[in-house]
Amino acid sequence: MTDTAENQTPNDRQAGHPRSIRSFVLRQSHMTAAQQRAIDTLWDSFGIDYQATPVDLDANFGSNRPKILEIGFGMGTATAEIALRLPETDFLAIDVHGPGVGNLLKLINENHLENIRVMRHDAVEVVENMLQDGSLDGIHIFFPDPWHKKRHHKRRLIQAPFIAKLLPKLKTGGYIHLATDWEEYAQQMLEVLSSFDSLQNTATDYAPTPDYRPETKFEARGKRLGHGVWDLVFKRIR
């Protein structure tokens, strides 16, 4: 299923690069007038269209500040808050859902944020084709879809092959920060990250929530359901 044409960013209609298994499902979602207006008026300033060739992030941001990749930002509320808390850091935020893209662009405008750029595309393809090796200082993946049913676990984003694609993009000394409210997925995340010799856990197992990460709607929902929340922060050591 794909989003309707009026919910698309200018680059959405291009031919994709098919993969056999995706970690997301595109759902028909309602785009508010304000979200669509934000896309129409702000995309040229804060959006980055997908291309199958490497991109110069410093040129796109107009700065050489540290660069953080955020994969899956939902409605963008936490992303905007983190960018406010870390004004000397640039954030490349990627998601596939139109209303969230529009909402984050609206928040960028409302909060006068200059340190966020937005992409609406499959993050795996962006990592594979657009990001240069050693271009990232950090990677945030907060509350990715846990795909609860066992037969769907193959759709989970955090698996060794994807981490292997991410690692070359991360500078030595850079970090990967994951968070989930699904305990079994947290265990899988811990096992996957621990399997890489080039990554070192900053905690014994799960890390305290860093000060920069605000509570997301997914976290609040999980707490209401009685779930715990697990943060993992691993540093690239070589």
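Backbone N, Cα and C define each Cβ position, glycine as well.
The region 'Disordered' annotation in Swiss-Prot covers 1-20.
Under the heading compositional bias 'Polar residues', Swiss-Prot lists 1-12.
Among the features that Swiss-Prot reports, S-adenosyl-L-methionine binding site is placed at Glu70, Asp95, Asp122, Asp145, with the record citing sequence analysis. In the three-state DSSP scheme, Asp95 (S-adenosyl-L-methionine binding site) falls into the strand class.
As annotated by Swiss-Prot, active site applies to Asp145. The Cβ neighbour count for Asp145 (S-adenosyl-L-methionine binding site), using a 10 Å radius and every protein chain shown, is 17.
The substrate binding site annotation in Swiss-Prot covers Lys149, Asp181, Thr216, Lys217, Phe218, Glu219 and rests on sequence analysis. Asp181 (substrate binding site) carries neither a helix nor a strand DSSP state and counts as coil.
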For Glu219 (substrate binding site), the number of other Cβ atoms found within 10 Å of its own Cβ: 20
